[in-house]
Amino acid sequence: MEKEIVIIGDFQEYDDENILQVITKASSLSNQCNCKVTVLCVGHKDSEQIDMFFQYGADNVVICRQNEPFDMPYFTNIISNMIKTRIPKVILVPESINGKTTAAILSAKFEVGLIAGCTDIQFDENNELSFLRTAFNSVTIAKNNCSNGEFIIATVKKDIFVKQIKAGQCQGMIEEVTYDDGREKLSNSWDVLERIEKFEKKEMTNFDKVFCIGRGVKNQDTFERLCQIAHKLHVGIVGTRAVVETGFIEKERMIGQSGKMLASPIYVGFGVSGASQHMIGVKNAEIIVAINKDKNAPIFEYADYAIVDDVEVILAELEKMAEG
């Protein structure tokens, strides 16, 4: 049996976008290491979801259909048994809350290395997998290799990679497995009585364009004016850590290594300095527009369009555009 890049599909917090992004990256890596891409699924996956896995680069899908409510110990037992029948080179886990817990449990069970919060995965000069992540309070990028086990486990945040349909890829092998450990599930779980949707259905990463608020936006009035313009132009509002700490923006809209990864094609930074941990979250933007009165701001090194001016000046022009 040949080695595989194994991806674990989240049972409870299943997210098409996240897992398809990870499958896309795994497919790219598989071309360099001659491995198959295998997705392990537990729970309810219809044929349309499975077909998408194949379209984005999966070679195999192994599924254990379960009708029971989610239970972490039971879920990880099922996944562990699936892994024992494979020969993984690496196991990639989308970094949801349950994904992070699953990765930690599997790392302990199999006594292998775990690299959390990867910002990139690549082959080094020795053709070994290297995992990039921020370190030292997110001020530097560290390259990690693990060699203390048969394989490596890594968690991957949403929007680190861009999903892409694989040319010519339309089908693969589906394997259905069953699991019954002969005992009642463990009791350290909760019954879900009701699911309440958030009021704001549209996530920030679904906007085509975003305004990113940086430290250069110094007062509430300027922030509110930017929000009004964004609303009129159908633009999302996000921010840096500094702005989150001032209370202008909730943490869920923070872009960067310790926040969200931007998937919007167009990014416009207002008073953003361009710290490395923030710019990691912007790497998938197709166009970066930077507005900062400091001509030496680091963000200008990344920008496709640079405007050296005060945010207030640009804001006045945008208000005219929005009214027009």
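One is the number of the first residue shown, and numbering goes on along the chain from there.
Glycine residues also receive a Cβ, built from the backbone N, Cα and C atoms like all the rest.
TrEMBL has this to say about the protein:
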- Arg215, Thr240, Arg241, Gly271, Val272, Ser273, Gly274, Ala275, Ser276, Gln277, His278, Asn292: FAD binding site (BINDING)
- 8-192: domain 'Electron transfer flavoprotein alpha/beta-subunit N-terminal' (DOMAIN)
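Recorded features from TrEMBL, shown on the structure.
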residue : record           : CB count, 10 Å
Arg215  : FAD binding site : 18
Arg241  : FAD binding site : 21
Val272  : FAD binding site : 31
Gly274  : FAD binding site : 21
Ser276  : FAD binding site : 15
His278  : FAD binding site : 26
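Summed and averaged per residue, pLDDT over the domain 'Electron transfer flavoprotein alpha/beta-subunit N-terminal' (8-192) gives 82. Spanning the listed FAD site, residues Arg215, Thr240, Arg241, Gly271, Val272, Ser273, Gly274, Ala275, Ser276, Gln277, His278, Asn292 have a farthest Cα to Cα distance of 18 Å.
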